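*Asks:* Just lifted these from TrEMBL, have a look:
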DOMAIN    49-482  domain 'Major facilitator superfamily (MFS) profile'
REGION    1-28  region 'Disordered'
TRANSMEM  47-71  transmembrane segment
TRANSMEM  83-106  transmembrane segment
TRANSMEM  171-194  transmembrane segment
TRANSMEM  276-297  transmembrane segment
TRANSMEM  340-358  transmembrane segment
TRANSMEM  454-477  transmembrane segment
Amino acid sequence: MATASKEADNAIGLEEIHTENQEPPKGQRTFTVEEAVETIGFGRFHIMLFLIMGSTGVAEAMEIMLIAVVSPLIRCEWQLQDWQVALVTTMVFFGYMVFSIVLGLLADRYGRWKILLLSFLWAAYFSLLTSFAPSYIWFVFLRAMVGGGVSGHAQGLIIKTEFLPTKYRGYMLPLSQVFWLAGSLLIIGLASVVNPTIGWRWLIRIASIPGILLILVFKFIPESARYNISTGNIAAATATLQKIAKMNGAVMPEGVLREPTKERRGRFKDLMHPKYLRTTLQIWIIWLGIAFAYYGVILASAELLERDIVCGSAAPLVQDPGDDSEESRSPCHCHMFGPAAYQTMIISTAGEIALNPLNILGINFLGRRLSLCITMGCTALFFLLLNICTSSAGMIGFLFMLRALVSANFNTIYIYTAEVYPTTMRALGMGTSGSLCRVGAMVAPFISQVLMSASFIGALCLFAAVCIVCAISAFTLPIETKGRALQVCI
């Protein structure tokens, strides 16, 4: 009996328990997961959830940002042309695009927690293998596999969304950007020390450590109660909610948990349901454009630093007149980042948190749609401002603001997408959106690293035009999710 009692107290992870879907006795009070989440409120559990699930952003940022800081080294080691360097990033996001849909589909059918764990194991494994890549081809293939694993990290955001009370989602979810910023700054800082000393292969090995450590603490996070109830797993959902209430020092609603079981979950045709068709199409456009702009800024920053582009035109690399070596004449731009370049990257990356307070206020007071429309419009403006001939400090300032704006865009669209879809298709909705997002990310390298070399102003105008299209799409979204309860089904 003591063992059984102890197991009941620790039943937060009992996602495999199933009970018959019996009707409650006549007159007995019932409550839904939404009502339970709102009644329990915010507390210790949510702080733990925020720290652990938020930290997935650290691992994801380090793996995604890794290419920006190793590009100059692999360019030199394998004597790569511009398109070959761009292809590395494109293939990372190709892997992300393919697996994002598959993992989103699986998460709606088999659970968010399992897919999150699987994705971390996958990403860590292939990331470590990348550090032993014997050739450029192997490097590209293995990084594509890493991208596939990283795509599953979005399930961490879904778990957070499904456990947070409505009034806290607009505040807590944007704060997760702190973890992405931490991961970005960490990989840049490590690169400035590791790359010049023990090399990029050791940088990749070190970058995989946070993801491995996170795997060890996932056991403290339960499967989503909303997912369990959608599958008819009432006992597991109830146990999870009771544990959360105990941790938060709150009480459960009176009665028994009861919601209809949804047998049909994670179906592509649901995304095209008349109720969500327009929303889905516009969300896809916005995700594609935001990723195009975000990774365009990151890779353009690296190109500006690597090639020493000034005053909006591609200036030739400054060379020592007496250095007539083959390397100095190489078309592969073998030009390493120095301390000043890493410092500039850190400053511009820090911009990702600069507008976070304003972004949170906009999301919660102006609403998701208007807030996203404003930040996308400002992003277009700052892309155009990069054409202005300015000092190095001015260029850093523009990059700082661009990073702040593109980060705010991602914050808002993540929240909106997680809120607008019902539980039965939320992971699939995020997965397909993330997949379209990576299409934009796949194109961005060829604009930032290839087209920019041929036409600086042309590349920047293209980025600005895409942002304007996204601003219009955001403004005309048919559903506003501010203050809206999460839906269970269509």
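Just so it is clear, glycine is given a Cβ too, placed from its N, Cα and C backbone atoms.
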*Asks:* Take a look at 47-71, 83-106, 171-194, 276-297, 340-358 and tell me which one has the most Cβ pairs under 8 Å to the transmembrane segment (454-477).
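*Replies:* So the stretch in question is 276-297.
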*Asks:* For the transmembrane segment (83-106), which stretch among 47-71, 171-194, 276-297, 340-358 has the most Cβ pairs under 8 A?
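*Replies:* It is 47-71 that shares the most Cβ pairs under 8 Å with the transmembrane segment (83-106).
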*Asks:* Over the domain 'Major facilitator superfamily (MFS) profile' (49-482), work out the mean pLDDT and round it to an integer.
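*Replies:* Residues in the domain 'Major facilitator superfamily (MFS) profile' (49-482) carry a mean pLDDT of 83 in this prediction.
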*Asks:* Determine which residues of the chain contact the transmembrane segment (47-71) at the Cβ level, with the cut-off under 8 Å and only residues 6 or more beyond its ends counted.
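*Replies:* Counting only partners 6 or more residues beyond its ends, the transmembrane segment (47-71) has Cβ contacts under 8 Å with 85, 88-89, 92, 116, 120, 123, 127, 143, 146, 150, 153, 156-157, 159-160, 163, 172, 175-184, 186-188, 191, 195, 200, 203-204, 207-208, 210-211, 214, 217-218, 220-221, 247, 298-299, 301-302, 306, 337, 345.
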*Asks:* By a Cβ-Cβ criterion of under 8 Å, what residues six or more beyond either terminus of the transmembrane segment (171-194) are in contact with it?
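*Replies:* Sequence-remote neighbours of the transmembrane segment (171-194) are 46, 50, 53-62, 65-66, 69-70, 157, 160-161, 164, 200, 202-203, 206-207, 210, 337, 339, 342, 345-346, 349-350, 352-353, 356, 359-360, 363-364, 407, 410-412, 414-415, 418.
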